[in-house]
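Shown next, in structure tokens, is the structure this report addresses.
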Amino acid sequence: MEVQLGLGRVYPRPPSKTYRGAFQNLFQSVREVIQNPGPRHPEAASAAPPGASLQQQQQQQQQETSPRQQQQQQGEDGSPQAHRRGPTGYLVLDEEQQPSQPQSAPECHPERGCVPEPGAAVAAGKGLPQQLPAPPDEDDSAAPSTLSLLGPTFPGLSSCSADLKDILSEASTMQLLQQQQQEAVSEGSSSGRAREASGAPTSSKDNYLGGTSTISDSAKELCKAVSVSMGLGVEALEHLSPGEQLRGDCMYAPVLGVPPAVRPTPCAPLAECKGSLLDDSAGKSTEDTAEYSPFKGGYTKGLEGESLGCSGSAAAGSSGTLELPSTLSLYKSGALDEAAAYQSRDYYNFPLALAGPPPPPPPPHPHARIKLENPLDYGSAWAAAAAQCRYGELASLHGAGAAGPGSGSPSAAASSSWHTLFTAEEGQLYGPCGGGGGGGGGGGGGAGEAGAVAPYGYTRPPQGLAGQEGDFTAPDVWYPGGMVSRVPYPSPTCVKSEMGPWMDSYSGPYGDMRLETARDHVLPIDYYFPPQKTCLICGDEASGCHYGALTCGSCKVFFKRAAEGKQKYLCASRNDCTIDKFRRKNCPSCRLRKCYEAGMTLGARKLKKLGNLKLQEEGEASSTTSPTEETAQKLTVSHIEGYECQPIFLNVLEAIEPGVVCAGHDNNQPDSFAALLSSLNELGERQLVHVVKWAKALPGFRNLHVDDQMAVIQYSWMGLMVFAMGWRSFTNVNSRMLYFAPDLVFNEYRMHKSRMYSQCVRMRHLSQEFGWLQITPQEFLCMKALLLFSIIPVDGLKNQKFFDELRMNYIKELDRIIACKRKNPTSCSRRFYQLTKLLDSVQPIARELHQFTFDLLIKSHMVSVDFPEMMAEIISVQVPKILSGKVKPIYFHTQ
């Protein structure tokens, strides 16, 4: 098709000026003006001297008309005809009927540039322009070319033009160039039609960039004037040598409703780039319409004038696409070899139609998709990340089938071109994007030839990137109607890695976020903000030291009432409630436990009162005392003696004692071996969790080695549970039954049904010992804590010395509790003997239960007994060590 192009938008076509191609970008008409057309025939090129002016070359073109051109001029007064295919295989819109005018050579003024008609189509097999012969039954009669005629053929073009007019309106500049085009193009277009009719061969240099590669002074002046009027910089608009590669601009819009060309498979990281500029939207854009040219070494995509170089396998003669030239470069490119630069130019390729029957077109998008970028932004900090995310990790782009740096394949040579904005002479300012060199050289870890790191994070691709056939995903930041969103954040791998001295002490992308170097020059933070005293219980602001701990007034009053009162608190949860400023009143049990753990005790306040009382007694002048004072002193002494019998250690043991744990047994079901044993195993795992929490809260336990802590718990858990169950049976059912849990109480029938009657009898006997010896709750708590440190491996623990010291301290605490109630040393020794004998009796019972549970675990699949995961692991790993003799209990008396 033939679409009229003005500067920055679609305008009504001048009398004889047509352009075959889609609307490209803002700089399309500028390129048409500044680039010098070459001779239309080889003989004309040879006849014209190198320094010939534009007027002489165009006069030669004027004289080379053909009979076909004369027939076209004579047949312009005919009626309009339907659309047809032109000589290049594209759908042609007939020109408007124009009166025949005498052809005259256009005058090339210094302020103007002579604009020729674009050349013929480019063959995909060779990448060179070639003229296709037109069918004999076709003619070039004109037809109206208004935008209304474009609507039926291209459904999205009418809506696209409205958006383009709003975004890219340059009416004043268009009028100036339109007048120049009407004067300068008529002769070139007529000579072009003559050559098309005659079928004369075209020169290899006869492409859209013109026959020559130089830019005249007049065209350069006009380019600068247009650039200044559009607010662009003119310092980069210099002469481009024949080998220099033009950098593509960053603003373009594809024609909608056009069937896509052959598209190769994208490289793997393109679809996986997170937060990149690519997405999977339904509306395909540049990647869908870019030309696949085997001559260039694969899929060419001109987002920033870069070539992915993904090699394809299309046939050489399967070209029906129209290759459009690159636009005006805003940056001066580095010089390359002329032949290599000609083959690897990265144009914006948008096929209008394919030779032959076209494939079904995709559904048209309701809006034009315009990509808006500022070319100057490539010097910013996020430019490297944008390029890296657009093409994915460059290291992974070098696929398994890629040719090596020295392969010498055509695709390898052609795909070596990269973004020429950054040269190899510039220093490396940013770290490499993505790393990993292996297998052929990645983007940052391979050889310098395969993946040289350019400044600003751009990584030059290795030679011969290979791709697969498939579809590219649509870009992510394509905004319909010209909407521009916020620029995505840069990738962490593309952030500048070399910072200034002030950033040396930051971590992460910017170093350690603490100014280590400035710590020597500033005062500590405590100098400006004194540390606030907080309550050890709830974290509120502390008012002072109350009852031996730094607490607030609320926790002080709570502890006084809870400790002096006889009410016993129970936690509704698992004795692990959160106690803070806002939730300290939710659970008084956990709050009181935390008070004891912090070291609060009523004796501390009484000792303080005793000290004040002694001072008062020393200061009294008279030595006489009243009966009331004597009574008060006796009460004080009795309270002090009571405090000495109830040390802080005992208060902590009372606070951390676990609560009641239920087994979850269904008592409505008939008792069976599998049901009873499964419930016992479930209860064992629940209690094991509480044992671990209780052990960690014991004074001095956390000072053990971590491995020793785990070993002590895994070896003593059975004895602790048996001892606690005996105490519950004594206090709840007077040792007549085994009180495992409130919902799991074993009577004689259940003892027999569980097939562990002998073990149950020994456990019941242990429970009866509590009654016979009249064990107090304080003695039980201290004995239970001492039982935790009564079984160790034969080889010893990692910190055996500290374990022995801790165990000895608990033995002394037990002796102190015994001595608190008895004044006779003989009675204390007898009591100590009884209690230690009771502790020794727990170990044989625990060993029998170890053997029973281990045998049951082995046969569990046969008897349908469920073992929880943690219980099964401990029984299968730790119990065999006890049964084999590698772990032995510590006895107080000889067995």
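Cβ coordinates come from backbone N, Cα and C, glycine included.
With ARG728, THR853 listed by Swiss-Prot as binding 17beta-hydroxy-5alpha-androstan-3-one, the candidate from ASN668, ASN681, ASN799 annotated for that site turns out to be ASN681.
Among the ranges 220-240, 535-555, 766-786, the one that Swiss-Prot lists as zinc finger is 535-555.
In sequence order, MET718, ILE875, VAL879 make up the list of same-chain residues 6 or more apart from THR853 (17beta-hydroxy-5alpha-androstan-3-one binding site) whose Cβ falls under 8 Å from its Cβ.
Largest CA to CA distance in the 17beta-hydroxy-5alpha-androstan-3-one binding set (ASN681, ARG728, THR853): 22 Å, whole number. Long-range neighbours of TYR891 (phosphotyrosine) (same chain, six or more residues apart, CB within less than 8 Å of its CB): ASP840, GLN843. The secondary structure of ASN681 (17beta-hydroxy-5alpha-androstan-3-one binding site), as reduced to three states from DSSP, is helical. Across the range of the DNA-binding region (534-607), the DSSP-based residue counts are 28 helix, 8 strand, 38 coil. Figure note: comparing Cβ neighbours within 10 Å for the binding-site residues ASN681, ARG728, the maximum is reached by ASN681. On the 0 to 100 pLDDT scale, the region 'Interaction with KAT7' (600-894) averages 86 in this prediction.
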